[in-house]
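Asker: What follows is a structure written as structure tokens; I'll ask about it next.
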Amino acid sequence: MATLFIADLHLQTEEPAITAGFLHFLQGEARSADALYILGDLFEAWIGDDDPNPLHHDMAAAIKALVDSGVPCYFIHGNRDFLIGKRFARESGMTLLPDENVLELYGRNVLIMHGDTLCTDDTGYLAFRAKVHTPWIQTLFLALPLFIRNRIAAKMRAGSKAANSSKSMTIMDVNPQAVVEVMEKHRVQWLIHGHTHRPDVHQLTANGEPAHRVVLGAWHSEGSMVKVTSEGVELIQFPF
């Protein structure tokens with residue numbers, strides 16, 4: 001058996017091929033898993049669980065079908081869908097997890113997270129993140145009419161795209177020291193995360209021993225998953 005991890009699908013109505021690929025994954029590979037973990041940015045944007053977007057409800061139904069088949073599904077918020085709440089979790093059958101979570105998998109302790117908090121050199125983003133994660137700001141935003149939330153979200157996405165275009169690739173990647181610190185805080189030798197869209201397996205030293213950081217790829221032209229079994233940890237890219 002295996003435990004599967006995915007992240008950064010950025011599902012949206014404008015990208016039906018990615019949606020179809022995700023549905024195929026849920027109905028195929030995922031059905032034989034011990035569990036599925038989605039490490040953030042399942043959706044390109046999320047303005048509230050009350051958004052009537054048919055895509056959201058279709059995906060909730062598809063995930064619920066997986067859960068009902070006996071495969072539990074867990075979710076860590078990303079920087080695009082951090083407002084996913086208990087209502088969508090109930091509809092989809094997913095279990096919401098904290099930003100940093102340690103799993104015991106086949107004899108390994110594995111830290112999982114979205115990965116945006118590791119990009120500590122991007123101080124502008126971290127300042128923005130702190131603001132939008134403030135509870136009263138979220139409460140105020142979710143109280144606004146949907147059409148206003150849509151406008152705000154669109155403006156924020158455009159601003160983020162413009163800001164990122166002028167940032168160096170190094171700034172938008174993880175800070176190596178931040179990686180070591182979080183692994184040592186949780187006393188783990190394995191870390192799986194997404195966010196950077198740079199799939200790879202990195203070797204490092206943490207807790208005075210060899211350690212491994214596995215980065216999931218984004219679902220653009222192909223799918224990306226990490227498969228953890230009793231035999232090892234594998235990063236896999238696959239066609240939709």
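Placed from the backbone N, Cα and C atoms, the Cβ positions cover glycine too.
Grabbed the feature section from Swiss-Prot, which reads as follows:
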{"type": "BINDING", "residues": "Asp8, His10, Asp41, His197", "note": "Mn(2+) 1 binding site"}
{"type": "BINDING", "residues": "Asp41, Asn79, His114, His195", "note": "Mn(2+) 2 binding site"}
{"type": "BINDING", "residues": "Asn79, Arg80, Asp122, Ser160, Asn164, Lys167, His195", "note": "substrate binding site"}
Asker: Residues near the Mn(2+) 1 site, Asp8, His10, Asp41, His197 excluded, by Cβ within 8 Å of the Cβ center?
Answerer: Ala7, Leu9, Gly40, Gly78, Arg80, Gly194, His195, Ala218, Trp219
Asker: Using a 10 Å cut-off on CB atoms, tell me which of the binding-site residues Asp8, Asp122 is the least crowded.
Answerer: Asp122
Asker: Quick one: give me the count of other CB atoms within 10 A of the CB of Asn164 (substrate binding site).
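Answerer: Taking all protein chains shown, Asn164 (substrate binding site) has 14 Cβ neighbours within 10 Å.
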Asker: Counting Cβ atoms within 10 Å across all protein chains shown, which of the binding-site residues Asn79, Ser160 comes out on top?
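Answerer: Result of the Cβ crowding comparison: Asn79.
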